[in-house]
Amino acid sequence: MNMSKAEAFWQLTRMNRPIGSLLLLWPTLWALFLAADGLPDWHVLIVFVLGVVFMRSAGCVINDFADRKVDGHVKRTANRPLPSGLISSKEALSFFAVLVVCSFLLVLTMNTLTIMLSSIGIVLAIAYPFMKRVTYLPQFVLGLAFSWAIPMAYAAESNQVPSEAWLLFVINALWTIAYDTQYAMVDRDDDVKIGIKSTAILFGRYDKTIIGLLQLSVLALLIVLGSQLALSGIYYWGILAAAGFFVYQQWLIKGREREACFKAFLNNNYVGGLIFIAISASVLYQS
């Protein structure tokens, strides 16, 4: 089936697959609702939601640009707009620049601290795709990139980045490494052949164990966060439910089948949503 130019750009941003935007949105909302005691400023909320959409789209574009010479050798990615020739490298870079500018125009309506922090976020978004060629730990860089909205959210709401923001940052970074390792398990065999590095390759036969340890660390630190902020019992019920989803994910990846690993990755959307409900319900109940 022939694809129009507009459809190709839409696919390039993965707007047809919103899971990445959701996984970036949930921790942003965690931070906004915690920083604002459950009632974030509407202007700030809209800016951050739109910023998530623009920056996630920009991240997908620069990722496909970085992978344009190898995606054609992977069955799952061979039909993407860049390797298939529907979009040129120059067009992709121009589109990336437009998305970044749109994001920056949004953040310019925030305070100075938020604007300063945003520059680091842009660097992380650009760096991640290229890390897959130089280190087996690109998921760590993605963890930083997908967590950077957290200190930005606190800065936007309170003009400071307290210790709880950095604890939440670590929690989300560990969670990101866990679920992106699940995602990397899907393409592990292809990645080995074409020289792409990932934690799935680095961890090898210990992949499931390390993912489990990361998930346990996330749960433990969420409990620490709840204790520090004196969150209500509603919050802990949410953490218990999230633990149940982590157990389910471990069951899914036990045989390392591609489809099951991808299903485990997708399941993390429910984890992020549950934690958001737990946080927002708890802080609203207490306010």
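Glycine is no exception: its Cβ is also placed from the backbone N, Cα and C atoms.
Per Swiss-Prot, the feature transmembrane segment maps to 19-39 (among others); the stated evidence is sequence analysis.
Summarising the annotation, Swiss-Prot assigns transmembrane segment to 42-62 (among others).
Sequence-remote contacts of a segment are chain residues at least 6 beyond its ends whose Cβ falls under 8 Å from one of its Cβ atoms, and for the transmembrane segment (95-115) they are 9, 12-13, 43-44, 47, 50-51, 54-55, 57-58, 61-62, 65, 87, 122, 152, 155-156, 159-161. The transmembrane segment feature in Swiss-Prot is assigned to 95-115 (among others); the stated evidence is sequence analysis.
Here Swiss-Prot flags 136-156 (among others) as transmembrane segment.
The transmembrane segment feature in Swiss-Prot is assigned to 166-186 (among others). Sequence-distant contacts of the transmembrane segment (166-186) (same chain, six or more residues past either end, CB-CB distance under 8 Å): 23, 27, 30-31, 34, 76, 139-140, 142-144, 146-148, 150-151, 198-201, 203, 207, 210-211, 214-215, 217-218, 221-222, 224-225, 228, 249, 253, 256, 258, 261-262, 264-265, 268, 271.
Cβ atoms under 8 Å from those of the transmembrane segment (210-230) belong to residues 34, 164, 167-168, 170-171, 174-175, 177-178, 181-182, 199, 203, 236, 239, 242-243, 246, 249-250, 253, 275, 282, 286 of the same chain, restricted to positions at least 6 beyond its ends. The transmembrane segment annotation in Swiss-Prot covers 210-230 (among others), and the record cites sequence analysis as its basis.
The transmembrane segment annotation in Swiss-Prot covers 233-253 (among others) and is backed by sequence analysis.
Residues or ranges marked as transmembrane segment in Swiss-Prot (evidence: sequence analysis): 264-284 (among others).
Long-range neighbours of the transmembrane segment (233-253) within the same chain, counting only residues 6 or more positions beyond its ends whose Cβ lies under 8 Å from a Cβ of the stretch, are 182, 185, 207-208, 211-212, 215, 218-219, 222-223, 226, 260-261, 263-264, 267-268, 270-271, 274-275, 277-279, 281-282, 285. Cβ atoms under 8 Å from those of the transmembrane segment (264-284) belong to residues 19, 22-23, 25-27, 29-30, 33-34, 37-39, 175, 179-180, 182-183, 186, 222, 226, 231-232, 234-239, 241-242, 245-246, 248-249, 252-253 of the same chain, restricted to positions at least 6 beyond its ends. If you look at the transmembrane segment (136-156), the same-chain residues 6 or more away from its ends with a CB under 8 A from one of its CBs are 23-24, 27-28, 30-32, 35, 44, 47-48, 51-52, 59, 107, 110-111, 113-114, 117-118, 120-121, 124-125, 127-128, 162, 165-166, 168-170, 172-174, 176-177, 180-181, 184, 197-199, 201-202.
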